[in-house]
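This is the structure I have questions about; it appears just below.
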Amino acid sequence: MEHFQQVEPFDYVIFGATGDLTMRKLLPALYNRLRMGQIPDDACIIGAARTELDREAYVARARDALERFLPSDILGPGLVERFLARLDYVTLDSSREGPQWDALKSLLAKAQPDRVRVYYFATAPQLYGSICENLNRYELITPTSRVVLEKPIGTNMATATAINDGVGQYFPEKQIYRIDHYLGKETVQNVLALRFANPLMNAAWSGEHIESVQITAVETVGVEGRAAYYDTSGALRDMIQNHLLQVLCLVAMEAPDSLEADAVRNAKLAVLNALRPITDATAATETVRAQYTAGVVDGENVPGYLEELGKPSATETYAAIRAWVDTPRWKNVPFYIRTAKRSGKKVSEIVVTFRPAATTMFGATPASNRLVLRIQPNEGVDLRLNVKNPALDVFNLRTADLDTSIRMEGGLPFPDSYERLLLDAVRGDPVLFIRRDEVEAAWRWVEPILEAWKHDKAPMQTYSAGSYGPEQATQLLASHGDTWHEASE
């Protein structure tokens, strides 16, 4: 088994420790890092939630979560017991004062006062401020404390500002880690390597050579048990305001001075500030929103969004946007962003289409080169090139794909994106986390779109579950001579 560099001893306190995120992602991620030798023996993981449990009952839940969400072949009994031995639990209403905070304080007091302490807020964002207030009241914030904030950071600029102010009152910005798990994905991080470590790509990475960029994240599942939450969010808030805009930033940003956190985040911020505003006047031509209706997904009949929700709604389950980055590098290059529930397939990818070669020596204009960075389900890179069609008597062209799977040495599977990010917070490395001004710049661009939709400037469309979206989304690209990636395969 390959071992990675071990981090220093730490205390990880997870608020919302009985919730789905903790059980499905956080505990399995931490277990995997222990399995790879990165978590020291004296590390402590403390769960905190309102559910009345003792330590034994919480450990039993954690064991069930590991067995449910991880492959059985990596659950060695000795490793599982070593991991569970690091767990503790406190019954705690994080929004209120009370003696249960003293119980948490007692657990943390067992360690040296200068030990790294990470508070992970896997709770509703409206609780972030009160949790920080209580951490301060009970003197649990130390110079080596960090706080990890899950999305969404607000539902608009006002609520995002309130959340950031509430946390910032007690934690300086350098101790705040706003997590976006997309930035923990290997293919997303590889955007920087492909661009800046390969002169072949770097020289062609501008509007002079690139015709369009598509950023897609669609899935086959519906809202299912999250209907009440999702109806207050929608596709634009849930995916584009955070994950997909971050991906766009990595594709479009100028080369940072270094890979230091602020250098990278400054470069991303410049992209967000350069996004052309979408207003009431342009929403109809630059955006499409839609809801799925009943259809067939993976051979099964599924209900429409309104049927699942059980009431009328103006919340979109599909969003497509044609964005423009108003910098010299990206003049006249459209960035197409889309996300959807109940799509015909599950895929997240970046598609870069290059301008065709300006030559007629082969009789017809060669097909455009196309670079596809697959984020999920199978991470990898495809590059479509023009090659000679094998024949003895003619010199015709055909396209051929160079397909590269990005694999770890030794054939190990990629770590889940949370695995890297959880330990980056321990290391104090914020490069893959979001700075406050990035969050607010993203909201400045997204909020006018939400307002335009609220005023019905881009009418709500529909699409059948199991399809690739409404016809209007196809027209969004066709008006610029483009097609969505799956239509060209």
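Cβ from N, Cα, C; glycine included.
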Looking at Swiss-Prot, which one out of Glu208, Glu219, Glu254, Glu260 binds substrate in the same site as His181, Lys185, Asp238, Lys341, Lys346?
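The one candidate that Swiss-Prot places in that substrate site: Glu219.
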In Å, how long is the longest CA to CA span across His181, Lys185, Glu219, Asp238, Lys341, Lys346, which the record gives as the substrate binders?
21
Hey, which of the recorded positions Arg50, His181, Lys185, His243, Lys346 is the loneliest by Cβ count within 10 Å?
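Ranked by other Cβ atoms within 10 Å, the recorded positions Arg50, His181, Lys185, His243, Lys346 bottom out at Lys346.
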Within 10 Å of His243 (active site, proton acceptor) (Cα-Cα), which of the binding-site residues His181, Lys185, Glu219, Lys341, Lys346?
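Cα within 10 Å of His243 (active site, proton acceptor): His181.
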Counting other Cβ atoms within 10 Å of each residue's Cβ, which of the binding-site residues Lys151, Lys341 comes out lowest?
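Least crowded of the binding-site residues Lys151, Lys341, by Cβ count within 10 Å, is Lys151.
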Would you kindly give the Cα-Cα distance separating Lys151 (NADP(+) binding site) and Lys346 (substrate binding site), rounded to the nearest Å?
22
